[in-house]
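K.L.:
Below is a structure I'd like to ask you about.
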Amino acid sequence: MMRRDRILLAVTLTAVFSADLYFILLPKMRSKGLTSGHSCSCGPNKLTLPPSQGGLATPQLSNWTSAPLLDGTTSEPAYGGSKLVRLFSHPLYNIQTPALGPEERLLQVEQLIDYYRRKVSHWERHMKLYSLAAALANITVTNHEVTYDPDTSWLKFHLGINRYALYSRDDPTVLQLIKDMQSMTVISAGEGQMGFGASMVKPSGHHLKLALKMRNLAKAMFKPMRQQRDEETPEDVFYFVDLQRHNAEIAAFHLDRILDFRRVPPVVGRLVNITSEVLKVTQNEDLRAVFFTSPANNTCFFAKCLYVCKTEYAACGSPDLLEGSLSAYLPGLSIAPRISIPSPWIRSYTFTGREEWEVNPFYCDTIKQQYPYNSGNRLLNIIDMSIFDFLIGNMDRHHYEIFTKFGDEGFLLHLDNARGFGKHAKDEMSILSPLSQCCMIKQSTLLRLQLLAQSEFRLSDVMRESLQEDSLRPILTEPHLLALDRRLHKVLRVVHQCVRRLGKDEVITEDFFKSTVTPEAATDGTMQR
């Protein structure tokens, strides 16, 4: 009996030792071996600039996760000045794209000018008839004269859209458009289709969106404030019934620009007088019908729909002023067609359902064999989008849109980001499933993520600085800004795990063009945003 106990004890100890060796000691030995194989003297997260790539950085795989998580304090640039200016002066943000011919540009000048001249004529005829009908009905109409300027910033924005992005890195038009949208005179509200394919007031009691037309024929989508900055999405609320946050739209545009994706249309915060700039200029009777005065004597409006469209879901001014986000319209579908495509990683919009990607860890192997993900950049662009969504905490990316002119090689539009920044303490790792399952990433994306993980270009710091330019500042609370740093490290950790498993040649895809500045020029901090 005692001998059998000794044998059982020996077998147990052997099993424990074997498990310890396999699961603990061997991974540590492999990690040390991998580190020694890619060692460098450049310090944690340091990027080197070899002359062979014209000043572009190459990844140091050994230190992706070795840098400690950043604390809540901000740090000043090592050489003084603006971190944001220094970031946009870095060689990674000055990469030369190929020369743009007619096929690489979304629109041609003559085509766009002719289109909007016809728009002006149509508007003038429409207002003449509407004013006559209003006079017969004894209705007062505010008639704004329409101006047409071929040099206006929103027309230049449309002309700048190309195969690679919505705007070029060095194009001052976007910054001018952001400035102009804060003061453009509104001449009509809720007329026609919205920029992203929805109707005047989206048929949901939670999601109010208004289409605003400006005096110079610019158009913007207005999303009113529904939550205070420090309010969080309740734990019991599903992602598909979450409120849309105007400040999330604003912050998403700034983050997209900092990541150098440039796939979010320009967004700016603005205080809108919903009486004089919406109710009194709208010609839409359905929109007029949802306006009312609250018991607190504030002007309010709500969505018109079949279900939860009640006054308790209304957006209210104080008493007339209501802050919100203004998103610049993309060119009309008649001259710049777009198609909406379901995401391969679409979520189940039911209380209990689950999609295949949520239960099948090899789901990406199937996707890689299907058109249009079996060649080109489409799958890599979806992975870019998943990284962007993970950073903002957006679980509602059920579709993506592309311009049909650019075909399969066109970039994805990052539209409708208002369900981001809902929970600063929650990092929803399932959003990163395209990255973790496919184990692919563009080299340019990876290097910029590594750059933003360094204290000199800390993501939360450059976002804080960029968001200070908006008139509705502060746009994000500090917990949301610091969550960006934490999530960025988690993205890099996922990439690192993929490289350890498959090797960097299988994971990292080269996609660079020539840099337009030298590393020395990037250190003087003199380039303007």
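Cβ coordinates are placed from backbone N, Cα and C, and glycine is handled just like the others.
Below are the features I grabbed from TrEMBL:
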{"type": "ACT_SITE", "residues": "ASP396", "note": "active site"}
{"type": "BINDING", "residues": "LYS223, SER327, ALA328, TYR329, LEU330, GLU401, ASP416", "note": "ATP binding site"}
{"type": "BINDING", "residues": "ASP416", "note": "Mn(2+) binding site"}
{"type": "DOMAIN", "residues": "291-508", "note": "domain 'FAM20 C-terminal'"}
K.L.:
Can you grab the distance from ALA328 (ATP binding site) over to the residue listed as 'active site'? Cα atoms, rounded to a whole Å.
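P.N.:
Checking the Cα atoms of ALA328 (ATP binding site) and the residue listed as 'active site' gives a distance of 21 Å.
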K.L.:
Among ASP396, ASP416, all listed as recorded positions, which has the most CB atoms within 10 Å of its CB?
P.N.:
ASP416
K.L.:
Comparing the binding-site residues ALA328, LEU330, which residue's C-beta has the most other C-beta atoms within 10 angstroms in this structure?
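P.N.:
The residue with the most neighbouring Cβ atoms within 10 Å is ALA328.
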K.L.:
Quick one: give me the count of other CB atoms within 10 A of the CB of GLU401 (ATP binding site).
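P.N.:
Here the count is 19.
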K.L.:
Roughly how many Å lie between the Cα atoms of SER327 (ATP binding site) and the residue listed as 'active site', rounded to a whole value?
P.N.:
18
K.L.:
How long is the line from the C-alpha of LYS223 (ATP binding site) to the C-alpha of the residue listed as 'active site', rounded to the nearest angstrom?
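P.N.:
The separation of the Cα atoms works out to 17 Å.
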K.L.:
Closest to ASP396 (active site): which of the binding-site residues TYR329, LEU330, ASP416, going by Cα position?
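P.N.:
With Cα distances computed to ASP396 (active site), the winner among TYR329, LEU330, ASP416 is ASP416.
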K.L.:
Within the domain 'FAM20 C-terminal' (291-508) only, compute the mean pLDDT.
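P.N.:
That stretch averages a pLDDT of 94.
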K.L.:
Measure the Cβ-based neighbour count of LYS223 (ATP binding site), defined as the other Cβ atoms within 10 Å of its Cβ.
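P.N.:
A 10 Å sphere around the Cβ of LYS223 (ATP binding site) contains 25 other Cβ atoms.
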K.L.:
Have a look around TYR329 (ATP binding site) and count the other CB atoms within 10 A of its CB, chains all included.
P.N.:
21
